[in-house]
Amino acid sequence: MEPLKQEKGLLYLFLIVLLSGLAYLNSLEGTFHFDDRSMIVNNAGIRSLTDLGQVVSSQPARPVLMFTFALNYYFGGLEVFGYHLVNLLLHVAVSLLVYRLAALLLWEGQATSLAMGGSPPVPPLPLLAALLFALHPVHTESVSYISSRSAVLCTFFFLSSLLLFSRALRPAPGRSHLRPYLLLVGSLGAFGLSLGAKEEAATLPLVLLLSLRFFVCPGLPLRRLLRQHGGLLLPFFGMSLLYLSWRVLWLGALEGVESPVHSYTTAPPWLYALTELKVIVFYYLRRLLLPVGLNIDPDIPFQASLWEPATLLAGGVLFALLAVARNLSGRERFLAFAILWFLIALLPTSSLVPLTDAAAEHRLYLPGVGFALFSAWALVRLARWTGERLSPAGTRWAPAALCVGVLLAYALGTVERNAIYRDEVTLWEDASQKSPFKARPHNNLAAAYLGRGRIDEAIREVQRALKSEPDFVPGHVNLGLAYTRQGLFAQAVLEYQRALRIDPRYAMAHNGLGELYLYNLGRLDEALAYLKEAARLSPTSARVLNNLGMAYGRKGRFDEALAVLSRVRKLAPGYAEARINLGSAYAEKGLYDEAIAEFQQALQLDPANFRAEHNLLRAIHDKRRQNSSARRPGQTLKQGALFPNP
């Protein structure tokens, strides 16, 4: 591809970086949300960069994603700003690659007038495509919701692979004859990294085939195309097939990390596919064309019949898009490529492989590249058409104003949507208002209220969740926790027991009962039984293990308490309460140096923690008495005194 004019090209790149950075600046103020707890905050697998096996095993389907989280943790721990900053930088990088891709496709498609702007003055299509992508509000979920980094990473490496592949096929007189092979190896490597970020990348070989068909060998019959270039595509199709086979045979599923255990069933493939026809047309395309009503947790039930009008209409729209793409493949290859990109990129999440949720806006990030190319083409055409029909006097800049107006509306929508991600209360208040009959948003809002001590509001939201879905286990657990906070222990026990009747393997229901018996009712044997089961079901939960360690401590079983609490220290080194409990177990064993170190660490983490300060002073005092032989080691205190009973 011949470059656009150098000085303008640098200006365009600067504009993309500046405007996308400004639009997402307030996303840096956000917090951790939803799956971020399991993927990052409570994930011991990302705690050490030196143990790559542990990093990968924490989420084997997406090792590249987990490695970036491990890098974040290495440089900034759980400081959320760094995670948001990386997401933003990746999004800016993807937007720059969209610019490069659009310029490449236009040049190879011989549509240079669209690439350069022209008269009447209209922003160049590559710049417009990149900005439409960078500023579109639908992408806020992928950028502002940290766990959705998978979509951004996947798209970054996906585009990198495509661009490297395209460069490998272009003649480069005077360059080394090894250059095409090195570029192809780089393209294949980028494809592998894309697969390691998210499974949507498996569609890249189809996109490479399209790029060959439309831009490298336009008009060449498919058979001849495959004979000439099939060898180039074979490694990509082979890697995709190996990846999908590994996902099925090793992990037992194709779906990725959707929601945690909040819904318990997925639809059968036929029902999921029919539902997705409607989702693509009536939810995804609608949000792309008019990005209002965005929602982190849309309420779309798996309900569809082949012959219902909505399904037939949706199928008709998608068939029409395919027909338009086929019809335009000869004369408007750029537009046909954009349409097919959008549809192909949706295949992994909107076909026959059922996922937990029917729709999620972060699934539009990779397909959104195709939509950005399409909408930029349409907007430039519309602006040109409008400009040619307006009187030159005073209206010369009207087409450019049209484009700027659309971009400004997108940017304002993105800023407004980012503000919703500021904290968990604002996010789930928004979702519960937009999905009033879905249990999960109300339950997550209840959890956010509980975190702020707004107990009555939490109970109200949980009751709304359980009205929508009476067997929603997390709702019963949160209701049990709310009743515990209110001192209604009998009602709390009933809610936890209801949760366990519905799902006996739900770890947090066992943990909730264990906490209640341990901290509120003083029934240590029952607490220990429930907490041991919770730890068996959730062996990496720092909260569960800390409770179990506390139970052992109160029972006077200090060796077992030390073993469990040492695991918590490794899993969550910033967990101050667990550090206090570990220090208490050391002190009960007469190991005062170790105890003092743990209490001091706890005070560094939480300087206002009275229990840490109190236990530290007692440990220092008893160490002095031990050194003066006033008491024997292990007999410094009444057994269990540092593990106070309720």
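Numbers here mean position along the shown chain, with the first residue as 1.
Glycine residues also receive a Cβ, built from the backbone N, Cα and C atoms like all the rest.
Remember, predicted model here, so these are calculated numbers, not experimental data.
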Segment assigned the feature transmembrane segment in TrEMBL (from 178-196, 482-500, 558-576): 178-196
Transmembrane segment range according to TrEMBL, out of 146-166, 524-544: 146-166
Stretch-level contact, the transmembrane segment (365-385) and the transmembrane segment (146-166), CB cutoff 8 A, at least 3 pairs: yes
Tally of DSSP helical, extended and coil residues in the repeat 'TPR' (542-575): 27 helix, 0 strand, 7 coil
Distant-in-sequence neighbours of the transmembrane segment (397-415), which means Cβ under 8 A and at least six residues beyond its ends: 19, 22-24, 26, 120-123, 128, 131-132, 135-137, 139-140, 291-292, 379-380, 382-384, 386-387, 390
Surrounding residues of the transmembrane segment (334-353) on its own chain - C-beta under 8 Å, 6+ positions past either end: 105-106, 109, 111, 114, 199-200, 202-203, 206-207, 210-211, 214-215, 254-255, 269-270, 272-273, 276, 279-280, 284, 318, 321-322, 324-326, 328, 360, 363, 366-367, 369-371, 373-374, 377
Confidence summary (mean pLDDT) of the repeat 'TPR' (542-575): 92
Counts by DSSP class (helix H/G/I, strand E/B, coil) across the repeat 'TPR' (473-506): 27 helix, 0 strand, 7 coil
For the transmembrane segment (9-27), distant same-chain residues with Cβ under 8 A (at least six beyond the ends): 3, 84, 87-88, 91-92, 95-96, 99, 124, 126-127, 130-131, 134-135, 140, 143-144, 407, 410-411, 414-415, 418-419, 421-422
